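*Asks:* Sharing a structure here in structure tokens format.
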Amino acid sequence: MRIQSLLLLGALLAVGSQPPAAFGRKKGEKPGACPPDDGPCLLSVPDQCMEDRQCPLTRKCCYRACFRQCVPRVSVKLGSCPEDQLRCLSPMNHLCHKDADCSGKKRCCSSACGRDCRDPVRG
């Protein structure tokens, strides 16, 4: 019984010592996020990568227009963007490009008319 208790304690300590970011990521997925993909697909070219581990250093494998390539990652704030129920009648206008462009805990979220800074929702 004592050996089983020690093994269980060791397993719990191993899991508890993992950084929180490790949970929720696929194996081989690097931390951070892909930058927004605003480019139109003008020319179909072969993917340069299929997953993050094929990219050097801290770069991530992300869609850019219509193919995947290794790009610098961006940091992401906690929470998720609220769902947008609107339709846009004017041209797109981006007030931010990444979370770091927004103050405090606000996130750079896509809306019907572009991206803007919004308070995140839990999730």
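Note that Cβ sites are derived from N, Cα and C of the backbone, with glycine treated the same way.
The following feature annotations were taken from Swiss-Prot:
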SIGNAL    1-24  signal peptide
DOMAIN    27-73  domain 'WAP 1'
DISULFID  CYS34-CYS62  disulfide bond
DISULFID  CYS41-CYS66  disulfide bond
DISULFID  CYS49-CYS61  disulfide bond
DISULFID  CYS55-CYS70  disulfide bond
DOMAIN    74-121  domain 'WAP 2'
DISULFID  CYS81-CYS109  disulfide bond
DISULFID  CYS88-CYS113  disulfide bond
DISULFID  CYS96-CYS108  disulfide bond
DISULFID  CYS102-CYS117  disulfide bond
*Asks:* State which of the following disulfide-bonded residues has the fewest other Cβ atoms within 10 Å around its Cβ: CYS55, CYS66, CYS96, CYS109, CYS113.
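*Replies:* Per-residue Cβ counts within 10 Å for the disulfide-bonded residues CYS55, CYS66, CYS96, CYS109, CYS113 bottom out at CYS66.
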*Asks:* Of these disulfide-bonded residues, CYS62, CYS81, CYS88, CYS108, CYS117, which scores lowest on Cβ atoms within 10 Å?
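*Replies:* Selected from the disulfide-bonded residues CYS62, CYS81, CYS88, CYS108, CYS117 on minimum Cβ neighbours within 10 Å: CYS88.
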*Asks:* Measuring C-alpha to C-alpha, could you say which of the disulfide-bonded residues CYS34, CYS41, CYS102, CYS108 are within 10 Å of CYS81 (disulfide bond)?
*Replies:* CYS108
*Asks:* Can you tell which of CYS41, CYS61, CYS70, CYS102 has the least company, meaning the fewest other C-beta atoms within 10 angstroms of its C-beta, among these disulfide-bonded residues?
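*Replies:* Relative to the other disulfide-bonded residues in CYS41, CYS61, CYS70, CYS102, CYS41 has the fewest Cβ atoms within 10 Å.
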*Asks:* Given the disulfide-bonded residues CYS61, CYS66, CYS102, tell me which ones have a C-alpha lying within 10 Å of the C-alpha of CYS34 (disulfide bond).
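*Replies:* Within 10 Å Cα-Cα: CYS61.
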*Asks:* Can you tell me the mean pLDDT for the domain 'WAP 1' (27-73)?
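*Replies:* Averaged over the domain 'WAP 1' (27-73), per-residue pLDDT gives 88.
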*Asks:* From the disulfide-bonded residues CYS49, CYS88, CYS102, CYS108, CYS117, pick the residue whose C-alpha lies nearest to the C-alpha of CYS70 (disulfide bond).
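*Replies:* Out of the listed candidates, the nearest Cα belongs to CYS49.
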